[in-house]
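See below for the structure under consideration.
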């Protein structure tokens, strides 16, 4: 599987390269020679780039003799070049030299100078862009001249090749630059192919041979490379650089991203240089702008299908590498940023080149250029619009704008590239995108429209219960995308972690914290409903995700914070129901207020007859607001007694006594601790107690997750047993 992944990516790159025009050594030499001697007098009808009149050059005396002389004198008798030419003429090298020697002695004559403006492929006026649409000569305009007026020589031309070097270098630099754009773009695809293979090998090796990765070297590798945040603690918690906020991935992921950005920058600029006395583009700004624009534009083409692949939910890369969707999205963002920068450099460089050549207005009147501007603007706006500030400010609005920008970028790029012969890249990108959308629509259609029961609990959490089809299998720790069929948000999809219903196996249960956006709208709607409950038609796409590999460890510690409990709970319960007798399973849940227990108390009760050792930390035990939610469902007498105690001078730290006493009786299998846990102390203690491999699995507030990761990394060498850390927090925004 891992080898086939790299092979498939390389085949894809090769297919894309082979689908567009490349220039061989013979092509470059043909263009350079033709450009040189047609400045004086043409010997064959000049074609566009490599569409040469090969019959003339192979069989006519003027064509063959003049070109052969160019190969011998201008290219220092390059045997590989001559062999390629002879092969294209269905001849041999010996026959080439025999024919050339017989002609050289008696049929050469010095040419007459051609009239001004009769340049061949570019002439002395400049390349004139792709297709020579810059005009006939003049300030860098060049073009092909009026080919219909060219008089063809009837004899081979004996030319002075002492001035040929600028022609050879100019054509090689200009047209080989297209080749380099393709090979360097393919190299970027190959880079990600290598990254994917490394991740796939690591994923399968870890699953098949976990005990083989517990030695000193693997531990040091995980301690300093794969497990920690790039800098100190922060990974899921954002960094702030002045007004700009951002997320920095884990250390190994950061290395992959940095290497990719460095490689892209290197390949975009390497082997581009100025050619003195350039006959194609005499103006240096025209020349350099054209070279940079061509290179960056072609390289960007390769990244577009790749960024669509990494951004898809139905992504085979997640299956083989073990990456979470959040990891793929992180790579998607960085590939998109590099692609967008390359596209903008492409557009700016071409604009500078055309302005210097005096053909900007003419070029911008062409439809393919106008569509290119559309694509370039969309790419630029995507970078700004995708900043963390906008994603977190209003994710739903961000997503709609993001999709619209992607659509208009694709349309603009499609029309722009079709005229340039690079449309195959957009075919690949649209195919990847369409496949993902098709699978998602199929998932939605197969699930159908279901009536969800939504309840507001503890004034902070929404409980969503949805009937599920019989074929729909829950994934412990998995998530789904929920569409609420309401007029204000029917077009939105919201990712929620689920757990199975304790009441019925035929239902899916989501718990989500009331924030902004759709949860705030539902909160307002429920606040007006009797019993704080209503029903809403929904559609569900999923399930996605997978349980962590922490279940393989002999000792598993699940750590959840706040509303991160549903996925952690479902995975913990699944492990407890299927584990061996010797496996130790612990669940730690950190909540702010006692009232949070009310919306998850039934699930906690279900742990009573399992081997799960449950500890709940209440970080603000002194806040009595919402305690009445814990009493829901008890007798009126108990409620009245608790309310009376709450209003008396009972210490708030242990409020209300009867309520807490009743709660502890109901959850006698749970240990309650008032205060904030020390992740470092917990990890240190668990490592001391572990009698075998140990895994920490977590989901919750980013600060808590980062603290736990840091603690595990710090204590990784405190034991000879293998210790792992699994982050189940999905970073959607």
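Cβ from N, Cα, C; glycine included.
All TrEMBL annotations are machine predictions without curation.
Look at TrEMBL and you will find 1-19 tagged as signal peptide.
The region 'Disordered' annotation in TrEMBL covers 119-145.
Feature annotation from TrEMBL assigns transmembrane segment to 185-205 (among others).
When Cβ-Cβ distances below 8 Å are used as the criterion, the transmembrane segment (255-272) is approached by residues 173, 177, 180, 184, 187-188, 191-192, 195, 225, 249, 288, 291-292, 295-296, 299, 331, 334-335, 338, 342, 345 of the same chain, each at least six residues removed from its ends. The transmembrane segment feature in TrEMBL is assigned to 255-272 (among others).
Residues or ranges marked as transmembrane segment by TrEMBL: 292-313 (among others). Note on the transmembrane segment (292-313): residues 12-13, 16, 177-178, 180-182, 184-186, 188-189, 192, 264, 267-269, 272, 325, 328-329, 331-332, 335-336, 338-339, 342-343, 345-347, 349-350, 353, 413, 417, 422, 425-426, 428-429, 432-433, 435-436, 440, 481, 541, 544 of its chain, located 6 or more positions outside it, place their CB under 8 angstroms from a CB of the stretch.
Summarising the annotation, TrEMBL assigns transmembrane segment to 334-356 (among others).
Long-range Cβ contacts of the transmembrane segment (368-390) within its own chain (Cβ-Cβ under 8 Å, at least 6 residues beyond either end) map to 238, 243-247, 333, 336-337, 339-341, 343-344, 346-347, 398, 401-402, 405-406, 408-409, 411-416, 418-420, 733. The feature transmembrane segment is assigned by TrEMBL to 368-390 (among others).
Cβ atoms under 8 Å from those of the transmembrane segment (397-417) belong to residues 301, 304, 367-369, 371-376, 378-379, 381-382, 385-386, 390-391, 423, 425-426, 429-430, 433, 491-492, 733 of the same chain, restricted to positions at least 6 beyond its ends. Per TrEMBL, the feature transmembrane segment maps to 397-417 (among others).
Sequence annotations record features per position, and here TrEMBL assigns domain 'FAD-binding FR-type' to 444-550. Summarised as a single figure, the pLDDT of the domain 'FAD-binding FR-type' (444-550) averages 89.
Long-range contacts of the transmembrane segment (334-356) within the same chain, counting only residues at least 6 positions beyond its ends with a Cβ under 8 Å from a Cβ of the stretch, are 129, 140, 192, 257, 260-261, 264, 268, 283, 285-290, 292-293, 296-297, 299-300, 303-304, 306-307, 310-311, 363-364, 372-373, 375-376, 379-380, 382-383, 386. Residue counts for the domain 'FAD-binding FR-type' (444-550) under DSSP, helix first, then strand, then coil, are 19 helix, 47 strand, 41 coil.
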